[in-house]
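Peer 1: For 4-143, 152-288, 321-442, the entry in TrEMBL reads domain 'CstA N-terminal'. As annotated by TrEMBL, transmembrane segment applies to 6-22, 52-73, 79-97, 125-144, 182-203, 231-249, 269-292, 324-343, 371-389, 401-422, 429-448, 460-478 (among others).
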Amino acid sequence: MISFVLSLVALVIGYFFYGRLVERVFGPDDRVTPAVAKADGLDYIVLPSWKIFMIQFLNIAGTGPIFGAIMGAKYGPVAYLWIVFGCIFAGATHDYLSGMLSMRHDGAGLPELIGQYLGKTTKNIMLVFTVLLLIIVGAVFVYSPAEILHSIGGDTLMWIIIIFSYYVIATMLPIDKIIGKIYPLFAFSLLFMAAALMVWLFLHWPTVPELWNSLYNMGAATEPDTWKDNIFPALFITIACGAISGFHATQSPLMARCVKSEKMGRPIFYGAMITEGIVALIWATVASWFFYGNPAPGYTLIEQATAGFHTSAPAVVNLVCNEWLGVVGAILAMLGVVAAPITSGDTAFRSARLIVAEWLKMNQRPIPKRLLICIPLFAISIAMLVWQIENPDGFNTIWQYFGWSNQALSVFTLWTITVYLVRNNKCFWLTLIPALFMTTVCSTYFFVSKQFLGLGNDGYPYGVVCLGVAIVWFVLWYRKNNNLKQ
């Protein structure tokens, strides 16, 4: 638990000190924001800062800081290091700067920003990639909450239909009609769950593995016959939300269109990511006790309780909420766990609609034009859902591809921000180092993982080569950029 407390303190300190540094580098000012300059009553609407924070937090959270942290905890307390350092130096920086960059460009979506700084070809590739990722998010975040709700009552298919019907409505309506009204309540539920679990941890002070005596791959040590993943790069793909997530850069523009002043950016964008990191820390600690500190092995408990679950993470959530928090606490906690993915799913579809509309230059005020974009998006997502249901391992397969795609998107976002910082004579090291690191993570995973090329340990040199190529590209571009300035 000492490792948990130190990690928690580090995140808070990171917000106040490193977050302020990032803010100073960007330099928010008093210019008119898109929420005021382009107010349309649909997507560009001024909202209170506290409400924007709650919506942003809920949009980016999903099941990532819960499920990802639970699965990442199997690697041992090394997960703490990734959550803390990843969140402060990569994830929160990524979220803040992508949100502020969108604000500086009239609320532009991620593909538009990528196109402006990385070129038209990259923009077109990333437009398709981003929309596909958002559709996958929608499909994944229908199935996982439906599975949890099924454990309470009702058929999984029934819950899928209900959740998807909500997606259709929320994607079409103005942002202040549903998202602006009920999201703060759902965010409160998720924060209550995290706070309640934190109180439980401090009251009981469970024995969990600590950084100084368990800094190794505990999953491989515990399950030598079945565990195949190395800490690098698998841990950095498994824990995305809670450390760094490219999906967040698709959500930040939604809130960038609702912010009245640029100076509200740090508590909203950087603060929401730090909060998500705290949620991930809590669940990583809970799962660490569950897997490695519980007198009754967590794996055994999961096997006894997984009826209806296709992954271990929902089973851990179900057991913990019901056994630790009592009836009322469990209801609120489960509401938070269910609401988080649902609300990320609907804003994923909303982001996809706006990105496609930007690309087609289609006015989104008329409802028929909104439908024209939404129907194909929903059709593709339904096809993915059908495949998930019919394929026994469908959810796990899509989740794995989502994890890699999510981190790959963060790579392009970080490079986009780096180019912006260079062109504006600002400290580009803030994002260059995370960009190089995540480039190495994603390329190495592509070569070593069975999801892709499956080269195993033979794939690591290729990851190093990709890092070298990225460094050479940046140095050449940087020199060319400086020559053009002269």
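Placement of Cβ uses the backbone N, Cα and C atoms for every residue, glycine included.
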Peer 1: At a Cβ cut-off of 8 Å, and with pairs 6 or more apart in sequence only, do we get at least 3 pairs between the transmembrane segment (52-73) and the transmembrane segment (79-97), yes or no?
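Peer 2: These two segments touch.
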Peer 1: Are there residues at least 6 beyond the ends of the transmembrane segment (460-478) whose Cβ is under 8 Å from a Cβ of it, and what are they?
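Peer 2: Apart from its flanks, the transmembrane segment (460-478) reaches 233, 418-419, 422, 432, 435-436, 439-440, 443-444, 447-448.
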Peer 1: Do you know the DSSP helix, strand and coil residue counts for the domain 'CstA N-terminal' (321-442)?
Peer 2: 107 helix, 0 strand, 15 coil
Peer 1: Against the transmembrane segment (125-144), which of these stretches has the most C-beta pairs under 8 Å: 6-22, 231-249, 401-422?
Peer 2: 401-422
Peer 1: Which of 6-22, 79-97, 371-389, 429-448 has the most Cβ pairs closer than 8 Å to the transmembrane segment (401-422)?
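Peer 2: Most Cβ pairs under 8 Å with the transmembrane segment (401-422) come from 429-448.
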Peer 1: Could you pull out which residues elsewhere in the chain have a CB under 8 Å from any CB of the transmembrane segment (79-97), counting only those six or more residues past its ends?
Peer 2: 3-4, 7, 10-11, 14-15, 18-19, 22-23, 26, 60, 69, 72-73, 211, 235-236, 239, 242-245, 248-249, 252, 265-266, 269-270, 272-274, 276-277, 280-281, 284, 288, 410, 413-414, 417, 420, 430-431, 433-434, 437-438
